[in-house]
Each structure stands twice: as C-alpha cells, then as structure tokens.
Amino acid sequence: MPKGVPKDPEIADLFYKDDPEELFIDLHEIGHGSFGAVYFATNAHTNEVVAVKKMSYSGKQTHEKWQDILKEVKFLRQLKHPNTIEYKGCYLKEHTAWVSALSLEPYW
C-alpha cells in the first residue's frame, strides 16, 4: 500500500499532493469510530472550516483498509447534491488518508 501518492495514475488522481499536516490547522477531534477519528479543522489556504476524517491503512488488514478508502473517495467524489456534504479532497501521509469535506458546523 502506498505511503504517499500512489504510482498508478488512475488511483493517484483521487488524491491531492499537498501535505495535510500543513494544510489543515487547529484540528479538534469531534468523533471517533471504527474507521478513524473525525476532526474540525481550518484549511490554511482557504480559511474554510472543514471536517477531516483520518483513516489509517497500516497494520492488520492493510489491503482491506486501503480498498475501503478507495471506495469511499470514489463515492464522495460523485456526490453533487445540496442535501449532502461537499467533498473537498483526500490527502495521503504516512499510511493515513485524510478525507476532507465542508464542515456542517455553520448549519448547527
């Protein structure tokens, strides 16, 4: 499984190349589940408040975890409806996928 951006161009196109640790600032954990933790964060480039889900794909069942990440990213990229979250992108760093979406915080 890739530690950074995958070499397969079709898969690499699913991920942005920015360093998520530099891009997302002021992370505050808001939830944790079987796939990873979810945070409120600020995009340092746009100042947008986003939700970031960090999912590890190392350790046991690495291949299955990686396949789940690919499936989720492909699905989120297709969502285009006013009643769903706005997918912002996915970033890879050190066997962790950072999936970002526009935060629903302003709507609460």
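Yeah, the Cβs are placed from backbone N, Cα and C, and that goes for glycine too.
Database features, via TrEMBL:
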- 24-108: domain 'Protein kinase' (DOMAIN)
- LYS54: ATP binding site (BINDING)
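Its Cβ taken as reference, the residue listed as 'ATP binding site' is surrounded by 21 other Cβ atoms within 10 Å in the chains shown. Note on the domain 'Protein kinase' (24-108): DSSP counts are 20 helix, 40 strand, 25 coil.
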